[in-house]
């Protein structure tokens with residue numbers, strides 16, 4: 001009964017994502033109600049990722065370990081080095097502990113779980129990106145606490161070993177539930193209902209967006225300079241990730257693959273770490289996290305013209 005409406009929502013993927021962030025901003029009265037659901041949304045984002053992962057394609061791509069390792073290292077290391085270098089160069093006193101924690105969470109987080117879906121919506125093959133995303137998620141409990149501690153130091157609100165354990169439980173639980181659903185539903189039905197699953201994902205993104213906007217409308221009035229500064233930072237990171245990916249990785253991966261890796265590099269799943277911290281982050285860090293959702297929700301629509309132009313360019317002949 002609900003499959004057709006969900007499929008309709010799923011087919012409007014990029015437009016629905018762009019609209020949901022503004023709807024969330026326009027509904028501050030519901031934001032405080034939705035905020036506690038962010039952890040649940042993140043869990044189901046993980047379930048959907050594992051549920052729809054083509055493990056046959058992933059196994060085939062694992063025959064190219066050098067490419068996967070290079071892409072994984074780029075995603076895991078490039079942003080922490082860039083943001084960590086800036087924070088350490090400016091000093092924690094100038095940056096401020098709450099913004100430093102926000103930058104640390106962004107640098108430490110794996111790419112957003114919707115990155116392969118966005119790549120597909122834009123017309124790119126996402127198989128390689130899914131493989132790299134799964135690799136980065138699996139290693140997140142090991143890498144994220146270390147990166148967060150190096151960049152933010154004492155500003156991290158929980159013990160890094162506790163953070164690692166919570167991340168492992170979150171990822172492991174989602175993987176187990178996804179495998180159970182694969183057994184119960186079957187891969188054929190999952191593939192057949194792809195549009196409906198896209199729509200259900202968009203519904204969770206809407207709830208997530210509403211919850212993430214908790215306090216943002218008030219901050220726009222009370223602290224407009226901070227809001228604008230945070231917005232500039234997150235959009236610079238988003239565009240810089242794509243630009244750096246194309247500049248550094250295109251020769252090794254080709255422009256299309258470098259584009260999607262760069263997109264994943266600049267769009268990070270801060271919600272995973274916020275959920276692992278049970279949402280217990282300072283107000284300034286929460287505001288930065290909220291502003292980081294804008295490029296995540298808007299960039300698919302912004303990038304459509306560039307993606308169309310790249311797809312019209314024929315792939316170079318393989319030698």
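Backbone N, Cα and C define each Cβ position, glycine as well.
Counting only same-chain residues 6+ beyond the ends of the transmembrane segment (37-57), those with a CB under 8 A from a CB of the stretch are 113-114, 116, 127, 130-131, 133-134, 137, 170-171, 173-175, 177-179, 181-182, 190, 194, 197, 200-201, 204-205, 207-208, 211-212, 269, 271-272, 274-275, 278-279. What TrEMBL lists as transmembrane segment is 37-57 (among others).
Nonlocal intrachain contacts for the transmembrane segment (69-91), taken as residues 6+ away from its ends with a CB within less than 8 angstroms of a stretch CB, comprise 100, 103-104, 106-108, 110-111, 128, 132, 135-136, 139, 143, 147, 150-152, 237, 240-241, 244-245, 248-249, 252-253, 261, 264-266, 268. Annotated transmembrane segment per TrEMBL: 69-91 (among others), in sequence order.
The transmembrane segment annotation in TrEMBL covers 103-122 (among others). Sequence-distant contacts of the transmembrane segment (103-122) (same chain, at least 6 residues past either end, Cβ-Cβ under 8 Å): 13-14, 17, 45-46, 48-49, 75, 79-80, 82-84, 86-87, 95, 129-130, 133, 136-137, 140, 143-148, 150-152, 155-156, 198, 201, 205, 233-234, 237, 260, 263-265, 267-270, 272-274, 281, 285, 288-289, 292, 296, 299-300, 303-304, 307.
TrEMBL lists 129-156 (among others) with the feature transmembrane segment.
Same-chain residues lying 6+ beyond the ends of the transmembrane segment (162-183) with a Cβ under 8 Å from its Cβ atoms: 42-44, 46-51, 137-138, 140-142, 144-145, 148, 156, 190, 272-273, 275-277. What TrEMBL records for 162-183 (among others) is transmembrane segment.
If you look up TrEMBL, you'll see 195-212 (among others) marked as transmembrane segment.
If you look up TrEMBL, you'll see 232-251 (among others) marked as transmembrane segment.
What TrEMBL lists as transmembrane segment is 258-280 (among others). Same-chain neighbours of the transmembrane segment (258-280): 35-36, 38-39, 41-43, 45-46, 71, 74-75, 78-79, 102, 105-113, 115, 118-119, 124, 126, 128-129, 132-133, 140, 144, 148, 157-158, 163, 166-167, 170, 208, 212, 237-246, 248-250, 252, 286, 289, 292, 295-296, 299, 303, 307, 310, counting only residues six or more beyond its ends whose CB sits under 8 Å from a CB of the stretch.
What TrEMBL records for 286-303 (among others) is transmembrane segment.
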